Ligand code: WTA
């Protein structure tokens with residue numbers, strides 16, 4: 001029987017499902033895939049066969065013996081026995097074809113500087129760096145850290161590592177020196193790439209300074225390679241630092257590509273979880289490239305000559321998969337923009353779309369909401385006739401923002417792909433395709449080959465319209481393989497919550513048409529402007545301050561950033577709470593995590609709600625803050 005709350009949810013779902021957008025005739029006529037339901041149905045008859053066919057779009061040095069192996073679950077394997085290389089498929093395979101002369105990267109920065117690299121030029125740059133890294137002793141299996149702005153050299157560095165078979169670990173440059181040091185140390189990286197600086201909102205960000213501070217604590221780093229990006233004056237340590245242009249000077253423009261096993265790790269990317277220690281998510285060469293290529297081609301309906309602009313940062317999975325690897329695997333042009341979206345005016349984004357004739361534009365709800373704030377007049381000034389497909393990712397998009405995006409950016413021509421996925425999934429998992437009927441606010445159905453479900457604690461599917469845990473019940477090639485150096489945590493985080501399924505940590509519900517509506521996280525992971533931050537990391541940052549005994553952090557809704565952080569802090573005996581102390585604590589969090597941890601408010605308290613076992617009940621803090629019912633408090637002491 002439906003409870004009152006379920007009934008209310010169901011009505012909401014049905015109401016929401018009424019708003020539907022069918023694909024425009026032109027989009028449908030051109031679409032690679034023309035029937036959403038039929039392709040999903042067909043793929044699910046034999047998902048393994050579906051992925052095997054997808055893998056044939058790539059170049060393999062040696063074919064696989066077996067497509068899928070689950071004999072050591074949850075350590076699943078794909079394309080067993082296959083030999084390949086992610087960078088070879090993103091770059092080398094295009095050389096000698098007509099793609100060679102095509103632009104691989106178009107880059108522009110906030111100040112208006114721009115650079116263009118063809119596939120041939122990018123190939124040569126990568127080879128030079130491969131040779132320089134090898135000379136430096138970098139080998140298959142080594143880790144290389146990258147802490148850089150969104151510039152072409154970040155792509156060169158990532159591709160070079162992949163070509164050698166070394167794992168890159170890109171750390172988003174909005175993280176602090178401390179956060180960078182922790183990630184370098186966990187991966188025991190030997191080399192660190194950075195830049196002298198970057199312009200943001202007209203100001204210079206001195207990355208080198210953060211790096212100098214970070215590597216004081218990093219024993220494994222042998223060399224720091226610094227790109228001269230904005231001629232910012234930086235301190236140079238002659239023994240350790242080397243300019244990028246000197247590092248690659250005179251290096252041969254041809255280099256051998258490592259033949260990797262399909263299951264060899266390609267990279268590690270750290271992401272927040274429920275403890276204060278970030279998890280190093282490991283992706284492999286074979287399955288990752290299969291998932292990324294198949295999704296980018298189908299979700300964004302690529303035909304081969306597109307200009308693809310994903311506004312994420314390469315430091316996040318979205319950047320890895322849909323700025324760097326996806327577009328290059330597909331042989332299209334990727335656009336990179338180093339700067340903020342409203343400089344010098346709030347139409348900068350639309351200007352870039354027009355200037356470079358962008359066909360696919362992929363962004364985050366937080367950017368759309370920020371642009372909405374400035375008003376529709378800015379996108380209205382630009383016709384953007386090149387745009388065909390729009391995308392969003394990172395957090396749920398509210399129907400209002402969806403409609404605005406559809407009307408003013410897409411001019412009611414371009415379908416919006418609301419793509420749900422995670423660092424751990426490697427590529428899009430729940431998403432419409434351009435041929436699908438769209439419902440603003442829903443991420444649509446699982447991508448072909450993927451079986452997702454909404455279940456209760458016992459793993460039983462919940463009725464339509466009822467909220468529950470979002471799980472994936474089969475496996476897919478671009479899935480996480482393990483947590484770097486911590487296989488136990490991999491098992492515990494993803495495979496022990498719900499029996500027999502991959503636990504996403506999200507809550508969702510399904511409507512009558514089988515469309516998924518993502519509600520947010522069930523755990524203590526926040527999405528601040530689309531950036532994933534664990535409350536435990538924030539709390540541990542507060543506690544690192546000498547005046548703090550304990551802290552509880554929660555996410556509170558924010559009209560633009562989605563969520564921002566509110567912290568409840570217990571001070572040491574005798575310490576008085578003051579505005580000056582609040583300022584100091586904010587600084588402390590910034591130092592520990594970085595500017596992405598946006599603290600809205602700090603409240604000094606005497607006590608935090610806790611369970612008998614001593615766990616902070618953030619749910620209770622949140623309910624109180626938002627004036628919501630407290631829910632089950634039986635375990636509260
Ligand atoms: C959230 C980003 C609603 C979700 C690719 C997920 C979304 C987390 C969507 C992963 C979406 C991502 N609608 N929520 N379209 N896309 N999320 O690892 O909570 O940075 O678990 O990967 O973002 O964040 P991550």
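FYI, residue positions are counted from 1 along the chain as it appears here.
Cβ atoms are placed via backbone N, Cα and C, with glycine included.
TrEMBL: automatically predicted annotations, no manual curation.
What TrEMBL records for this protein:
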- 36-90: domain 'Acetyl-coenzyme A synthetase N-terminal' (DOMAIN)
- 101-473: domain 'AMP-dependent synthetase/ligase' (DOMAIN)
- 537-615: domain 'AMP-binding enzyme C-terminal' (DOMAIN)
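Per-residue pLDDT, averaged across the domain 'AMP-dependent synthetase/ligase' (101-473), gives 97. For the domain 'Acetyl-coenzyme A synthetase N-terminal' (36-90), DSSP puts the residue distribution at 24 helix, 11 strand, 20 coil. Per DSSP, the domain 'AMP-binding enzyme C-terminal' (537-615) is made up of 21 helix, 29 strand, 29 coil.
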